[in-house]
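Database features (TrEMBL):
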COILED    2-32  coiled coil
REGION    74-98  region 'Disordered'
COMPBIAS  85-98  compositional bias 'Basic and acidic residues'
DOMAIN    88-155  domain 'T-SNARE coiled-coil homology'
Amino acid sequence: VSDEKKQMVANVEKQLEEARELLEQMELEVREIPPQSRGMYSSRMRSYKQEMGKLEADFKRSRIAYSDEVRNELLGDDGNSSENQRAHLLDNTERLERSSRRLEAGYQIAVETEQIGQEMLENLSHDREKIQRARERLRETDANLGKSSRVLTGMLRR
């Protein structure tokens, strides 16, 4: 049971770290969005950060409660009844599960955001290529017009 708890704590810490990294990546992406649509995403980012702060605080409280329980167990302090401890553990487990679900939802949103960003970059790349081809054709047309203007001028002189 103790090893399972340690693994669960390590897993939650890992997921929290991944969520922090994803939030940082999302924030960088939001900074690159055009100003007219940036406001909506900025407000979403603020709410995600607040939610992340709440999750981290809940996790910290759970770890403190868990360490207090371990200390009491090691010291033989049975001041709390086993029923209260069980209820407390169930409550903490439920919080961790909710936190995990929230983190998973945040991760899914980050993945979707990344996919949308990738699609936008591909579209912009294609548009850039089209514009470059159009510019090249325009330059060729301008050069041809210049040549034809010189030929016509030469013909008019003769």
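Glycine is treated like the rest: Cβ placed from N, Cα and C.
Model confidence over the coiled coil (2-32) stands at 86, taken as the mean pLDDT rounded to a whole number.
Residue counts for the domain 'T-SNARE coiled-coil homology' (88-155) under DSSP, helix first, then strand, then coil, are 68 helix, 0 strand, 0 coil.
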